[in-house]
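Report on the structure given below.
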Amino acid sequence: MSSVLQKLITPLASSSAEPPRNKVTVVGVGQVGMACAVSILLRDLCDELALVDVMEDRLKGEMMDLQHGLLFLKTSKVVADKDYAVTANSRLVVVTAGVRQQEGESRLNLVQRNVNVFKCIIPQIIKYSPNCTILVVSNPVDVLTYVTWKLSGLPKHRVIGSGTNLDSARFRYMMAERLGIHASAFNGWVLGEHGDTSVPVWSGANVAGVSLQKLNPEIGTDGDKEQWKATHKAVVDSAYEVIKLKGYTNWAIGFSVADLTESIVKNLSRVHPVSTMVKDMFGIGEEVFLSLPCVLNGSGVGSVVNMTLTDAEVAQLKKSADTLWGIQKDLKDL
């Protein structure tokens, strides 16, 4: 006796369906991971979304919650499992998993614990999606992007850190608020480390091509009477402030990751400040990952824009690199 399905559907194709072309995997279903996942879904950036985590109940719950809303989205398939086989054929893998810093813990110890976590994650990603691009979001992101590159064996252009894409967005928002314009109307970049030693490029800050440094040669310096430098300090402090108020940050980084995802899966060749291998650039001699203006396309980081920086800005960038290398050089088991 024929089933309802057999009566309803007459198959025409003899072969099974093609594998997904724009499959995105998010590793880690915490606050940041789910903000990334939802942002990617809302922008219709994948034809399949896979979620992976070690916490099976939370993972299944998040998967079901998203699946129940698929009617309202254009992505047809959301899957999840602790087994990385579910990630097979991913075009992009977003890594948000990692351990949190404990009170009084050194950054080196935090990174070393995350190295041990990543040693379980990265080889599994490569096993099932050898042609993927990896976007690292876990903090400290620049060092963990280096760790991912070393563990994955992928070429450097296919291992990217979310870097200062969010720092730059915060900078543009805060500067634009002070100027009374929309964030998209202010052009400004924050480079270097995602964190305390990030570098605001005051020499390039402009509105409609009008250089703010030409209007105020002291902008961003201690001698600036208008104290624009305080805006960058607010950028650096902003994550700490949000964490103090709500316990974590997730929405802005989720939007930022979706923005980067779009440039990669749609092959847009847009320029973003993301973490990439900077050895031999700006006089940096070590294998560190820092944020520079990168052209993101289907191959990952297609190229790096050779931004004109002042001597002071280059010195700050080198300081950023030294800070990161100070941690990286003592890492074990890489």
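The backbone N, Cα and C atoms fix where each Cβ goes, glycine too.
If you look up Swiss-Prot, you'll see HIS194 marked as active site, proton acceptor. The NAD(+) binding site annotation in Swiss-Prot covers 30-58, ARG100, ASN139. Residues annotated as substrate binding site in Swiss-Prot: ARG107, ASN139, ARG170, THR249.
Annotated features, which come from Swiss-Prot, shown on the structure.
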{"residue": "GLY30", "record": "NAD(+) binding site", "contacts (Cβ under 8 Å, 6+ apart)": "THR96, ALA97"}
{"residue": "MET34", "record": "NAD(+) binding site", "contacts (Cβ under 8 Å, 6+ apart)": "VAL26, GLU62, ASN250, GLY254"}
{"residue": "VAL38", "record": "NAD(+) binding site", "contacts (Cβ under 8 Å, 6+ apart)": "LEU66, GLY254"}
{"residue": "LEU42", "record": "NAD(+) binding site", "contacts (Cβ under 8 Å, 6+ apart)": "LEU73, ALA258"}
{"residue": "VAL54", "record": "NAD(+) binding site", "contacts (Cβ under 8 Å, 6+ apart)": "LYS82"}
{"residue": "ARG58", "record": "NAD(+) binding site", "contacts (Cβ under 8 Å, 6+ apart)": "VAL29"}
{"residue": "ARG107", "record": "substrate binding site", "contacts (Cβ under 8 Å, 6+ apart)": "GLN101, PRO140, ILE327"}
{"residue": "ASN139", "record": "substrate binding site", "contacts (Cβ under 8 Å, 6+ apart)": "GLY98, HIS194"}
{"residue": "ARG170", "record": "substrate binding site", "contacts (Cβ under 8 Å, 6+ apart)": "VAL190, VAL235, SER238, ALA252"}
{"residue": "THR249", "record": "substrate binding site", "contacts (Cβ under 8 Å, 6+ apart)": "VAL32, ALA239, VAL242, ILE243"}
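Taking the Cβ of CYS46 (NAD(+) binding site) as centre and 10 Å as the limit, one finds 27 other Cβ atoms among all the protein chains shown.
Shown in sequence order, LYS23, VAL24, THR25, VAL26, VAL78, VAL79, ALA80, ASP81, VAL86, THR87, SER90 are the residues of the chain, 6+ apart in sequence, with a C-beta less than 8 angstroms from the C-beta of ALA50 (NAD(+) binding site). Taking all protein chains in view, 28 other C-beta atoms sit within 10 angstroms of the C-beta of HIS194 (active site, proton acceptor).
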